[in-house]
C-alpha cells in the first residue's frame, strides 16, 4: 500500500533538515513482504536522504519520494527539536504529519490522532543501520509488524526527551489559538481543582492523590507502535495511558458547559488515581545473562505530595511489563502481568539490545508506562546448526553444504563436520574450517555415510546438529531369480523371490513385480514396487493363468527382468442349487424330493450333491440323508403329520457351495395312538378321585384336541364321565372304600384312537358319622354314668370312642378313649353342672362330635379345708392372753357342696375337739408351755360333717426367763466393766437369750445402754469417784422377763497425769538442781512428787514432797546419772490417808565431769544443755509409740493371715 507522508504548514526547515534530521535510506533490501512508502514533500520544503554510496541527496518540494519498507510497517520519522510527528489514518491511508511543538494544544477534539514517538537528540549521528558494525550481528525480530535492524536506534536517548508530547491537530494553526470557549472553561476548572488537591485539597477529601498538570488524558481509537497504527485500543509507545477516562464529545455532539462541568466532577477521582499510577519510576535491570535478566521496580509515586504516596496507593495494584528488541520506538510486547515488583525475563536472545518499561493498573484505571530501561544480553555460543544437505554425489564422493546458525552475538569462526566413515562406528572429525561446504572423496560406491555438524565462535562450540545419512552412487543390480508361488487362492496369489547375487547386504534394493493376464491382451503390468521379497497379488480372475517376472532396482537404475513363470488361480466354489421340491403326493411315512443344478459351477464340474433333512420348523439340527450325483431322493421312515425342512448343497473342486433355499413340507396325519392308563392325581378321597394322564406317544401327526374318560364298577359296563381337552379331571359322588375302573381315549382331526388299558382305583374310607347326644345319669353326688350309641362307620369299623367331660362347655377335656359304649365319671363336685360329648374314630380318622349333654350332681357334705395355718403373734390384731399357753390358727372356707357351712370342728392334742361357729379363725387356750400340738379342722353343714383337713404342727412358746445377777468386774476412774450370767462374753445370737442393760440418768430415769446376747458390757465416759445405778432384764422367744433389782457401782479416783522430763542444771561445783512442772490440785486433793535417780541398774528415791525442784549434792565425778519424776494424789477415805501415784516421766541424763580449768561452769552448762537436747521430746516419743503399734499390728495381721486363714 502507498502511505503518503505529508508535512503540515510550518516555517522553512531546510537548515534543520539538512543538519539535524537523521537520513533515511530510500531503498531497503528485504524479503518478498516489501512495500512502497510514498513520502510527499510540500512546496518550499526540502527532504534530505543518504544514498547507498554515502552521498547526501536533497529533494526540493513539491515532490513524491518512493521508499521501500521490508515488512510493510511504517518506519520511524525522526524530527528536530521543537517538532513532533503524528500518524493519522484516513480512508485506509496512513499519513505522518510533522508539526511544531506547542504546550497549549490539547487533543480532546481530535481522537483520531496518535501519540507521537520519542524525539531524538540534537546533532544525532548517522543511523546505525548505515554504519557497519564489526563485531555484533543483530537477528531480525520475528512476528508481524516488526522493524528491521535498519530502523533500530543503537544510541542511548538524550536526557531531554519529551516523554509526554501531545498530538497536534490536522486542521491548521488556527486550531491552536482559537479553542472552544467551553473547553477552556472546563480545563480551567480542572486545573483549579488539581491545584487545590496539590496544596491541601478540600476538607472533605484530604487523602485524595495529587494530579499532574502535564498528564494527557486521551484515548486513541488505534494503537500506535513504532510509528504506525495497528487498529487496536492498546497502550502507545510513548507511554500515554489509555485507561477508562471519559472524553468530551466533539462537534455537534458536544454537551453544554454545565453538563461538561458535572462530567469533570464525576471523573476527578479516576483522573487523580490515574495521575498517581503514572508516577512509576524507571525499572532496574540486574543479573543480565545470555538469555535472561532480572527486572525490579518501585511502586508508582506522584511528583507532588510524594510523602503521602504510600497512603494514597491502593493495596491491590497490578503491573504490566512490556519489552521491545527494536528500539524504544519499536513494538513492545507484554511479558508479565501481576502484583510482584520483581520478575525474571527469560527466553531472551544473546547479544541483543532490549528496552523494557512498566505500567501500573488499579481498579481498571491504567497509568502511563514508565521510562524505558535498556540493556544488552551477553554473547553466547552459537545455536545448534541444521543438518548438512547433499548437493552432489558420485560413486566415490559426496558434496555437502550447510547454512550458518544464529551466532549468539559472536561471529562464527569455524565449523566441525563429523562422520561415521560408513561403518556405523563412533563419529570422527572429517572437516574443521570456516567454509560452509565440503566434498568427501575416495568413498565406496553404494555405501551410506552419516554426518553431523557443529559451529564454533569465540565463546565455544555449539551443540551438534541432527544426524543425516547419504549414500554414494553405484551400478545397476543383476537380474534376480524368477519368483515362485507360495500359495494361490481364487482371486489372489502369494509370490516370493530372492536378492540378486553379488549385491551387498547394505545396499538398498527395491523390486518391481510385473504380471501378464493372457486373456486380457494388455501385456505385462507392474503390480508391486517395494523393498520386500514377497508380494500377494489380489483381485485376480478365478481359475486363470498369469505370467510373472520381477526386476531389481537401486539408486542407479533397474536391472534386466527375471525369467517369466506361469501360475494359475484356483477355481471358485459353485453356487447353491435350486430350492428342492416334492414330487408327487406326500405320504404319512415317506416323500420324494427333487432339485436343479446350480447356475454357476465356479469353473469346475459338480462332483456330488448333499441333501439334509431337519425335523420341525424351529430345529437347527440337520441330518444328511443323501450324498450322490443324482438330483432326486425318496425320504422314508418319517413321522406322520410332521413338518420337515429340506436343503441341498453341491461340492466341486472349487469347494462346497452355499446351501439352497429351505423347503418346509408336512407328511399326512393319522388317528392318534392309545394313551397311557390314567393315574391318580394326589391322594384318593372318600367320595371323589382326581385323575390325570399324559398325551399319547403317537399323536398321528395332528394335535390332540379331545379326551374322553369312562368309569366302570365291577360287573357293570363303563359310562362316560368326562369329555374335553384337559389332561386331568375329578370324579365326585363316589362311595367311600370302593374300587372303580377307568379308561381314556384321545382324538385329533382324523378321529378317535383306541382306548387305553384299564386302571383300578379305590376310594378311601371316611370317618364315622356324628354320634347321637350321650345320656348322663347321676349315681351319687360325686359319680355320673355317661352312655352313647355307635354311629355309621363309613367303610371302616369304629375302633374307639372319645368322651369329653368338663365343668364348662368350652373347656371340656377327653377323659375316656376306648371301644365301650358307656363310662362312669367319679370324683365330681356335688351340686355342680357338668357338660359332656362323644366322638367316634375309625381308620379314616375321627368323626364329628355329638351334641353336648348337661347333668347336675346333687348336694353333699362340705369339702375338706384346704388352707390351715398358725398365726404369729405380731400378725394378730389382738394380744394373746399368754403366748406360752395359747395358739392362734386360721383357715379358708371350703366348698359347701350345695349346702351352706354352719360350723367347724377343731381337733388338737389327744383328739380334743372344739366346735366353733361360721368363722375362719380361732384361739386355742389352756395349752402347755413349750409343747407341740397337731391341729386339723372339719366343716359341717345341714347334711353332715365333711372330711378333716390336713393336720399342721404348732408349738407353744416357753415361759419368759428370769433376770441374771449383775456384778462389776473391773473398776476404773472413767469406765465400769459389768458382767452377768454364766455365759461367754460374746455369745451367738441365734436362738439364745437376749439381755437389756439399763442405767439411771441424772433425772432418775433408767435408759437402755445395751441390747444383745453378750454377758459383759463396758460403760465408758464416766466421771471419777461417782455412783451409778444399773438394772438388767432377760428376754427370748417366750417374751420379756422382769427387771432385776438396782445395782450400785462407784468409779475410782483418777491418777495424776504423766509429767514431762525434768530439767537438770548445775548450780555449784558439786551441786545440781533438778526442776519439773507443777500440777494443780485434783478436786481438792493434794499433789506430791517423787524423784528417783538411776545409776546403772539401780534406782533410788531421792525426794518425795510437794516441791517442784530438788538440789542434788555429793555426786561422783565422771559418772552418768538419770532422773525421773512422778506425781501422786493424796486423798482421805474410810480407811485413812491414801495416795494414788501417776506414771513416771521420761528420764533425763546427767554426766558429772572433773573441771579442767578455773573457768566458770559455763562449759558444764553447755554440756548439760547438749545432753538435754539429745533427750526425746513428747512429740517424738508419741510418734515412736505410734510406729511401734503399727509394726505390731502388721505383724499380727501377717500371723493371722498365714496361720489362721490359710
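A Cβ is built for glycine as well, from the same backbone N, Cα and C atoms used for every other residue.
Because TrEMBL annotations are produced automatically, they should be read as predictions rather than curated entries.
The compositional bias 'Basic and acidic residues' annotation in TrEMBL covers 177-206.
Positions annotated as compositional bias 'Polar residues' by TrEMBL: 233-243.
Summarising the annotation, TrEMBL assigns domain 'Fibronectin type-III' to 279-380 (among others).
If you look up TrEMBL, you'll see 384-475 (among others) marked as domain 'Fibronectin type-III'. Taken as a whole, the domain 'Fibronectin type-III' (384-475) shows an average pLDDT of 91 in this prediction.
The feature domain 'Fibronectin type-III' is assigned by TrEMBL to 479-572 (among others).
Within the domain 'Fibronectin type-III' (576-670), the DSSP-based counts of helix, strand and coil residues read 0 helix, 42 strand, 53 coil. Residues annotated as domain 'Fibronectin type-III' in TrEMBL: 576-670 (among others).
For 674-766 (among others), the entry in TrEMBL reads domain 'Fibronectin type-III'.
Among the features that TrEMBL reports, domain 'Fibronectin type-III' is placed at 767-860 (among others).
Look at TrEMBL and you will find 872-959 (among others) tagged as domain 'Fibronectin type-III'. Mapped onto DSSP classes, the domain 'Fibronectin type-III' (872-959) shows 3 helix, 40 strand, 45 coil.
Among the features that TrEMBL reports, domain 'Fibronectin type-III' is placed at 960-1055 (among others). Across the range of the domain 'Fibronectin type-III' (960-1055), the DSSP-based residue counts are 0 helix, 48 strand, 48 coil.
The feature domain 'Fibronectin type-III' is assigned by TrEMBL to 1058-1155 (among others).
Per TrEMBL, the feature region 'Disordered' maps to 143-266.
What TrEMBL lists as transmembrane segment is 1181-1205. Counting only same-chain residues 6+ beyond the ends of the transmembrane segment (1181-1205), those with a CB under 8 A from a CB of the stretch are 1146.
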Interface present between the domain 'Fibronectin type-III' (767-860) and the domain 'Fibronectin type-III' (872-959) (three or more C-beta pairs under 8 A): yes
Residue distribution over DSSP helix, strand and coil in the domain 'Fibronectin type-III' (384-475): 0 helix, 39 strand, 53 coil
